[in-house]
Amino acid sequence: VLLRPASASRQQDAPGAADGLALASDPGGTLNFLAMVENLQGDSGRGYYLEMLIGTPPQALNILVDTGSSNFAVAGVPDPDVTSYFNPELSSTYRSQGIEVTVKYSQGSWTGVLGTDVITMPKGLDGSYTINIATILESENFFLPGVKWHGILGLAYDALAKPSSSVETFFDSLVRQARIPNIFSLQMCGAGLPVSGSGTNGGSLVLGGIEPSLYTGDIWYTPIKEEWYYQVEILKLEVGGQNLELDCREYNADKAIVDSGTTLLRLPEKVFSAVVQAIARTSLIQEFSSGFWTGSQLACWDRAEKPWSLFPKLSIYLRDENSSRSFRISILPQLYMQPILVIGDNLQCYRFGISSSTNALVIGATVMEGFYVIFDRAQRRVGFAVSPCAEADGSPVSEIEGPFTTADVASNCVSSVSFHEPVLWIASYALMSLCGIILLVLIVLLLIPPRCQHRYTDNDVVNDESSLVRHRWK
């Protein structure tokens, strides 16, 4: 195995009835899910995107599908890294709201202005719909060289919408105007293929339901713990069939989410370290550079070799809708050992499709490419089924198995308190702070003459809730 600098790679983090027909909420209405099959293009390195027509007359743009944010935004001015942009002045149906909005992601940010316009989807729902649109006027590290999309479609809940949750999200607008069921599903077909490649790997975004041809076997559902991101509950991880034996709250620190706009499987630092150690211990490679695990180096093999046999499979256990049961989704190394660069005629170089995170476990494209994922907002659950396009060299690279008992894990693995410090320390700090405040107040009362004392009213009270504020950026 040879190791090469990974500078050539740029990671983008940013998230039915038979025959494809199902009844919509509108009595007698139908949704043709087959028309939505293969309506996506892209890859895990640069994201999957949907063609959309915006404005009157229509302007065609490619829009990144992101289940980890909630704003619909398009490039509104020329950009060196964008081949097309939306010009509001050329649309007779555009209406500016005059509200500035800024959205920050784990990588990149943009600032724009909110407005509304009509959209249609050549391979989506029939008809046109009036949608909130942010036109991006400034951005930093958001549009990257070589990307083939020109905007982002945030499909998470309105709690994440900027500048406030009062901005109706794209999908909420479709549910209201088209009267479709409050559910969508996503298949991304880039398993085992080079990332950041031709951008034609394909995939499907099914709005309003589930298309049977996009999965095999059963759909396994896990509850949505909180409606902001698609937050789920992870119970444990296994590498090569061996449990990592971590407290289950470590996997959910401080949240675990399903995010098509994030490239990799991202793990909390303690979990990431345990996974790397387990993979290194289980793999057939005796010594491996730390630069590969951290993403600074690529690992290269002769093109005739397939390194996947050297590495173990990775399993993630999710709580079932029946809380006493769980199921596991597993990815083979063909999904997390990702081909990214060819050197000369003989060398194929790979990157590690897993990285560390300071604030979340993120089930990103690395994992999602193995499955057909159903975002059932109506029943507050996320479903996983094996995707028939998740194959490499004719063999499946993903698995779903269950049910398993949850007797060996806590009844609740999602803690409202950050698990980075023991609860006793937190309680001690709180008690010490309270005692200090009481002592300070007593000293002040003793020093102030009675005539200067002031009777406090409700308006004088300051509530410091900064320690409870959730950081809601990706």
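Cβ atoms here come from the backbone N, Cα and C positions, even for glycine.
TrEMBL entries are annotated by machine, without manual review.
Candidates considered were Cys189, Cys248; TrEMBL assigns the disulfide partner of Cys413 as Cys248. Candidates considered were Cys349, Cys389, Cys435; TrEMBL assigns the disulfide partner of Cys189 as Cys389.
Looking at the candidates Cys300, Cys435, TrEMBL gives Cys300 as the cysteine bonded to Cys349 by a disulfide. Asn322 (N-linked glycosylation site) sits 30 Å from Cys189 (disulfide bond), taking the C-alpha atoms as the reference points.
The Cα atom of Asp66 (active site) lies nearest to that of Asp259, taking the recorded positions Asp259, Cys300, Cys349, Cys389 as the candidates. Taking the C-alpha positions, the distance from Cys189 (disulfide bond) to Asp259 (active site) comes to 16 Å.
In the predicted model, the domain 'Peptidase A1' (48-385) shows an average pLDDT of 94. Fewest other C-beta atoms within 10 angstroms, among the recorded positions Asp259, Cys300, Asn322, Cys389, Cys413, are seen around Asn322. Rounded to a whole number, the C-alpha distance linking Cys389 (disulfide bond) with Cys349 (disulfide bond) is 23 angstrom.
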